[in-house]
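Q: My questions will all concern the structure given below.
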């Protein structure tokens, strides 16, 4: 079924008194599919880039993996690593600003707009357009973060391209894109707010590290970023799980299940990283001093 507006201008300049699409058919689909894996495509976003044409998102993720695992290393095989200090500084500043904007956009249009921490149902009307736009930008940000890995490849920092790194960077656009297609807002907004805040701190650290050794010696708080990520995934897991607790919560359980599953996977992988990187290494250093 086609839920698109007749004219793009109507889509962009919608008010309560202007023409809008009929949601009767969509509401029927929503009631029929609610609670199943066959959640219908949200009518407001079905023509947005990388949403209705979701296969392009999958192609971008496959291309990302091909570049960082094959084409990139092959290109750098006989080349010296690039320093990229200035480019890294600019990139990290842009990510700080982008993440800060996303945090505020998702917060102001979501959590500060009558959001329920227990159960926030989807707004399947044009009133959900502001949070849908903010959610789409958050979705796009998951693709800009591919450059984190591209820069590792160009600098020959292959030790940084771990399984955790790849699963996280490839998985996020797939998970967020899936949610964007069906629920650009609602309960899932909370994840975007937390994740954007963590990324503000994380890219601030990366920016300072890119300034060189004179600044790096003061960056003792790297482990706390991982702790923030761990706390983030714990909170997101339990927040999404409330959809299963409150039976009358009008938010698709399949999306909540995906959020819970991915958060749990990330919690396990980040925990393993934290134990290996910080706890075991700290213990090994302490033993050497004895």
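A Cβ is built for glycine as well, from the same backbone N, Cα and C atoms used for every other residue.
Note: TrEMBL annotation is automatic and uncurated.
Keep in mind that this is a model prediction, so the values were computed, not measured.
The transmembrane segment annotation in TrEMBL covers 54-72, 84-104, 161-180, 192-212, 224-245, 251-275.
Could you place the listed features in the three-dimensional structure?
A: Using a Cβ-Cβ cut-off under 8 Å and counting only residues 6 or more beyond its ends in the same chain, the transmembrane segment (54-72) has close neighbours at 143, 146, 149-150, 152-154, 161, 166, 169-170, 173-174, 177-178, 181.
Outside the transmembrane segment (161-180), and at least 6 residues removed from its termini, the chain residues within Cβ reach (under 8 Å) are 45, 50-51, 54, 57-58, 60-61, 64-65, 68-69, 135-136, 138-139, 142-143, 145-146, 148-149, 152-153, 188, 192, 255, 258-259, 262, 265-266, 269-270, 272-273.
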Q: Which residues, given as numbers and ranges, are at least 6 beyond the ends of the transmembrane segment (251-275) yet have a Cβ under 8 Å from it?
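A: Those are 34-37, 39, 119-122, 162-164, 167-168, 171, 175, 178-179, 182-183, 186-188, 191, 223, 226-227, 229-230, 233-234, 236-237, 240-241, 243-244, in sequence order.
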